[in-house]
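Engineer: Here's the feature list from TrEMBL:
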type	residues	note
DOMAIN	A:38-554	domain 'Cytochrome oxidase subunit I profile'
TRANSMEM	A:15-37	transmembrane segment
TRANSMEM	A:58-78	transmembrane segment
TRANSMEM	A:98-122	transmembrane segment
TRANSMEM	A:142-161	transmembrane segment
TRANSMEM	A:188-209	transmembrane segment
TRANSMEM	A:229-251	transmembrane segment
TRANSMEM	A:271-294	transmembrane segment
TRANSMEM	A:306-330	transmembrane segment
TRANSMEM	A:342-364	transmembrane segment
TRANSMEM	A:376-399	transmembrane segment
TRANSMEM	A:419-436	transmembrane segment
TRANSMEM	A:489-514	transmembrane segment
Ligand code: HEM
Ligand SMILES: [Cu+2]
């Protein structure tokens, strides 16, 4: 019995017991459902073992949406708890756990996965490639991310959730103050999915540098591909810092070392330092792909080429370097002197300059353009003013002396949601709507999509703008309740109303998927948005080899040139296509990593050793495996192309 | 004969052994902490360069330029991170 005691939740409540039952029932229902419809074989062959970048992208996006709802449920609970003074819906401990899991789930498992999912789906198509450079590695990245996400998500029903914030500062996160296994979960879940992300970074850099269609010089790449390249460079330089910091935290908590302790020569704020050395580049990892998506969408729906292509690329390159030079702005109040704070104040404000350049480029792209207000365009147009407000409040926070007033108040919370929601989340939803026909061969309903957009946009303003005011009035972040005398009540109620409206918006998006799946016409053609870049030069949905014939590229909007200026994209005849084989190894490897992480969280050494050896065995097996892929004969390509309505020539 | 004998590699090997001996001397000889650290840092960076250029053939392929550019970028970011952290964690309080 004693062995099982460790899995008990330290602070149980009816809500948690209810979730346990709900999770159990859902898992059983899914298993029974798949078995009943005899879908195991299909699932295994077509999805779980796939190395196709498009399917991996779709799996990333599905996981991201699931995590969006998990994190969204946390958000609504927090807003409900703070909607009236002295509320007792959640106690302090539960509130701590909820804001921690909200932050971690949203950043690591929602936003990152969404970004990487869209990158997976779109980038190889935009550069005219058949897949990424290392398809098997790509599958491993996804499954490691998935294993990490699942490990993190079981924490609240098995052993207890982390409760030290998504920033996980020591000494609060040390064993002295966080006694449950929650923080171990944090360390291992992020470690495992972080390794996956790092491999994605390498994979995409190689893909973009080496696998572009003939003629596509670097300066002829579409803007989303450019933003992905820069993002992945930041990933490769930033993520190792997180890996090491997490490992040091693990050693402190599980082997009694003193990296982040306040005694024995440890430095507790060193965690904060390392966390933000990774953390600030991370916010740019999220926003740059979003910028890329907006660039594609704004230029498509303004029917104009992107204004200032070179300055767009240049400002992203500058951002990628500057993003590594500003991290101290997250702890201006730690107590260092004016010189240190001034240096990082200035670097931080400097970042606003290239960001501002991009804003003007988007505005000038729309200038005198023939704008079509489709759903993706609505998100993009709303992004510009809303994100600008977030950027301006960021510059306010960047003034070190003023930050003593704002730091860790709701003002800060309002700032980063103001950049992340209209910046990243809107971009993901816009991108998903935009590329949806590429993925599934039908369009999402515009009318429901617009309703969802307005709910999200208005809900966002109502939910977060009041926080600027309460923050300036002194409402601290992460405070689970407040007294009536503070006067924070009415504005917090408004925030809750905004959150509820946003929840309706997300529900409408789900309904839209269902509705469009049932009712939308399937004959949308290959280029339903009248777009400009290469991914629209093949069929909807995309055949698994992407392009029957490798395209020849002449500019950053090759498809537009072929439509309007008679440029010939496909110059060659059909030839055999070389494709990678599917493999079960990635999902097995990730399963082993899950067991490894889980055992480590609970100090179950036999489990750690056995799964550790099995992981090494998998790697060894892979080293000796011979797998040269397979070839699709010309006849089969012809048949597939016929099925899609005639060869593209 | 010249093609058969990897002179560059043998020289590199001897040189890297030499660097290792110099670094080891910090442990065996009696010297101040500052001097010891300086010797270790300098030999470490030279050692890394030797490995990269001589044994990992950094300069021998077509993408020579991009290899050196990205290495340089990495070094710059690493230096900023290290010195920035020192500034934030140690020097900034003086
Ligand atoms: C003009 C650009 C920006 C500037 C000048 C800026 C400035 C700042 C500053 C100074 C802080 C720290 C404030 C404090 O802790 O008191 C901060 C926090 C933050 N910012 Fe920004 N920011 C900018 C853009 C962004 C973007 C684009 C994102 C994300 C996509 C972002 C996400 C965040 C997050 C997540 C935090 C803090 C999280 C936490 O403490 O939990 N910021 N920003
Ligand atoms: Cu920052």
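Just so it is clear, glycine is given a Cβ too, placed from its N, Cα and C backbone atoms.
What TrEMBL says about a protein is an automatic prediction, not a curated fact.
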Engineer: Under 8 Å, at least 3 Cβ pairs, sequence separation 6 or more: does that hold for the transmembrane segment (A:306-330) versus the transmembrane segment (A:229-251)?
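Structural biologist: They do touch: at least three Cβ pairs between the two stretches lie under 8 Å.
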Engineer: So what's the mean pLDDT when you look at the domain 'Cytochrome oxidase subunit I profile' (A:38-554)?
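Structural biologist: Averaged over the domain 'Cytochrome oxidase subunit I profile' (A:38-554), per-residue pLDDT gives 94.
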Engineer: Given a Cβ distance threshold of under 8 angstroms, which distant residues of the chain, six or more beyond its ends, lie next to the transmembrane segment (A:142-161)?
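Structural biologist: Long-range Cβ neighbours of the transmembrane segment (A:142-161): 6-11, 16, 19-20, 23, 56, 59-60, 63, 67, 70, 97, 100-101, 104-105, 108-109, 112-113, 116, 180-182, 185-186, 188-197, 199, 586-587, 589-591, 593-594, 597-598, 601-602.
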Engineer: Can you name the far-off residues of the same chain, 6+ from the ends of the transmembrane segment (A:58-78), with a Cβ under 8 Å from a Cβ of it?
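Structural biologist: Residues 47, 89-90, 95, 98-99, 101-102, 105-106, 109-111, 113-114, 116-118, 120-121, 142, 145-146, 149, 153, 428, 432, 439, 499-500, 503, 506.
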Engineer: Top stretch among A:15-37, A:98-122, A:271-294, A:419-436 for CB pairs under 8 A with the transmembrane segment (A:188-209)?
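Structural biologist: By the under-8 Å Cβ criterion, the transmembrane segment (A:188-209) pairs most with A:98-122.
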Engineer: When you scan the chain for residues with a C-beta under 8 Å from the transmembrane segment (A:271-294), skipping those not six or more beyond its ends, what do you find?
Structural biologist: 107, 111-112, 115, 118-119, 167-170, 173, 223-228, 230-231, 234-235, 237-239, 241-242, 244-245, 248-249, 259-260, 316, 319-320, 323-324, 326-331, 334, 358, 362, 380, 383, 416, 419-420, 423-424, 426-428, 430-431, 434
